[in-house]
Amino acid sequence: MKLTCVLIIAVLILTACQFIAADNTEYRKWRRSGTSTGMRLGSRDCGPWCWGQNKCCPDESCRSLHESCT
């Protein structure tokens, strides 16, 4: 009975680890594709730091959402 419980817990832990690894891979692909909030608003060449409350302007500069692109 104890062995069965240990095996079930081990399988659950391994399954959780696989899901975490898969989620991290999908997140990296999503970030590289330019679909994050900041990069979606302009050029994809602003870099990974331009996201959240920022936007990427056509001249590849990262600005606040409240600033206009000049």
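For all residues, glycine too, the Cβ spot is worked out from N, Cα and C.
Of the cysteines Cys50, Cys57, Cys69, only one is given by Swiss-Prot as the disulfide partner of Cys62: Cys50. Around the Cβ of Cys56 (disulfide bond), a 10 Å sphere holds 25 further Cβ atoms from the protein chains shown. For the disulfide-bonded residues listed here (Cys46, Cys50, Cys57, Cys62, Cys69), the lowest count of other CB atoms within 10 A around the CB belongs to Cys69.
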